[in-house]
Each structure stands twice: as C-alpha cells, then as structure tokens.
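Right, one structure below, let's go through it.
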Amino acid sequence: MTSADSLLFTSLGPSPSSGDGDCKFNEEFKFILLPLSYAVVFVLGLALNAPTLWLFLFRLRPWDATATYMFHLALSDTLYVLSLPTLVYYYAARNHWPFGTGFCKFVRFLFYWNLYCSVLFLTCISVHRYMGICHPLRAIRWGRPRFAGLLCLGVWLVVAGCLVPNLFFVTTNANGTTILCHDTTLPEEFDHYVYFSSTIMVLLFGFPFLITLVCYGLMARRLYRPLPGAGQSSSRLRSLRTIAVVLTVFAVCFVPFHITRTIYYLARLLNAECRVLNIVNVVYKVTRPLASANSCLDPVLYLFTGDKYRNQLQQLCRGSTPKRRTTASSLALVTLHEESISRWADIHQDSIFPAYEGDRL
C-alpha cells in the first residue's frame, strides 16, 4: 500500500474516537473516476460557458433581470471550471497536492462557492419566473435589472461570507513525500465541520430548493390552464422547458450530492462499521462529479429558453458576424390579455416585461 493509500483513512475515515482506526477505504476507483470526470467537466464547462459570457457581454446587452441572473450563473461556472485542472492533477497523482495549503483552501472554497451560488441564482430565476407568470404587476416593480444586479451581488457576498469558516477547516496534511488536500478537515475537527456543513446545507440548499419547488409547482398549475392563441402556447412551452431544465439540474447535480454527503457524514459520526463506511464513501465520491457537472448543464438553460441567445450562438458557431446588440431577455412569459394590465404596462415602457409579451433571448 502506498503512502497515499495509508493516509486515506486519516482524511476520509471516522474520527479517532470511533474505535474503527483499522478501517481502510478502498479508493482505487477515485484515482480514475475523478481525474476523468473533472477533465470532462473542465473541457465542456469552459467550451460552453466562455462563449456564453462573450455573448452576454458583447451581443446581448442591455440585459433584463433574467439575463442578469444567467450572466452571473455563467460567471460562477466559469470561475469554477478554471480551478479543475489542479484537482485533475491531484487525483491523477493519487492524492498528492504540490500547490500549497493556501491554494488547497481556495480550490475547496471555490467548489462550494460555485455550488451554492449556482443554487441561489437558479432560485432567483425561479422566483423571477414565478412573479412574472403568477404576479405580473409585482414583477414589473421588483423585476428590474438594477434590482437583479444588486441581488446577484448580494448572493456572491452572502455565500462567500457563509463559507469563510471552510477556509479554516480545510487544510493539507503531509506524510513523507505525499501531501493531502482535505476536502473536509482533519479528523480531530471533523465533528465541528459536520455541524458547520449541515448548517450551510440547510441555509444555502434546503431552503432555496424548497422555494424553487414551490415556485415551479405554482407556475406549472398556472401554465396548464387552457389559454387561447398559438403565441401563448409557445410562451407556455418555453416556460415549461425552463421548469424541466432547472429541476433536472437540481435532480442530477445537487440533490444526489447533498443526500450522499449527509449519509456519509452521519455514518462517520455514528461510528458505522467499516463495510458500511466503504459503501457510503464510494457512493459519496461518485456524486461529487455530478455536483461539478452543473457547470455543463446550466448552459442548457440558455439554449432551451432563449431564441435570441440561440440565434446569436448559432451565428457565432458558423463564423458569421452576429447581429448588433439586442436586448437580452432570457425566458418567456405567458401573455396576459387583461386590458387594465396592458394599459398599466404601457406606462412602464422601461420594465423588463413590455406589454407582457413573451420575452425571447
């Protein structure tokens, strides 16, 4: 067994008080799965998000509120994928980290920063869509781009502030020539880390996920009401696609990771037997790449829900000169025909929902 393998229990196994000090994790799969999966996420994530950022910055301005959320979502994904080459090297080198303790802390911090910023930006999009479909008058007041920009800034700062303790928990540990970059913390601090991590999970994933489910449930009920007109059917279809894409990202990327991580932490805290710990550890490690894959799935949201974004991207891929800047409007609204609402909307021409027609990016 190599020195890295002998250290696996130190970073991943139960705390010393568990009495299972002889439990060794068989993690050979990790040294193949994680480098390959992170490399794929890096290539695809950069290829998908870099053009997205370029289009938002140079071809789809001025932004509406939803485009603002999507730009920040793409920015978060891009920053994360740029850190992945170091993790590819780390796991390919069998848990050897030569980049220093500070960069170890930064890379682990960046993983959760991207994860929870993505969750909150998707939640912002969900609430914004819910307001536009179910409460259009309120959406005009609260859905302005300036408000969305301030909210995005708040998301960045709040998530970063909540994750500051992670910078103290995460560290490196040397054993001979092998240096581990812990994804949690040292064994003696693991109990405290679990309490911190669980609190963060409830605040930055549990509540936002619940809000997203409620918003999309109410939206789906509203959208399935029969409305005359082909244009409205097209708007409803785009909105339903939005629901499907966002819930798919949650179901594939976020939910499995948080469930398996919670089980993994509980198994260690409850001093589960070694066989159970090994099974839980394998399942948890398999879901880590899924959490990273949100950087590749998020751009699907822009493609499925925005006609103008899709057209601009097609022109970019064909090498043709894109049309001059157009207003970015990422998601469609259901057309509302109430005369009083239309008159009210005409007064607010600077709103992001002009005349309540279906917005198309």
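Yeah, the Cβs are placed from backbone N, Cα and C, and that goes for glycine too.
Considering the side of the membrane named for each residue in Swiss-Prot, Pro98 and Leu180 coincide. Here the candidates are Cys104, Cys117, Cys253, and Swiss-Prot names Cys104 as the disulfide partner of Cys181. Averaged across the topological domain 'Cytoplasmic' (306-361), pLDDT for the predicted model comes to 46. Separation of the C-alpha atoms of Asn175 (N-linked glycosylation site) and Cys104 (disulfide bond): 16 Å, rounded to the nearest whole number.
Local packing around the disulfide-bonded residues Cys104, Cys181 was summarised as the count of other Cβ atoms within 10 Å of each Cβ; on this measure the leading residue is Cys181.
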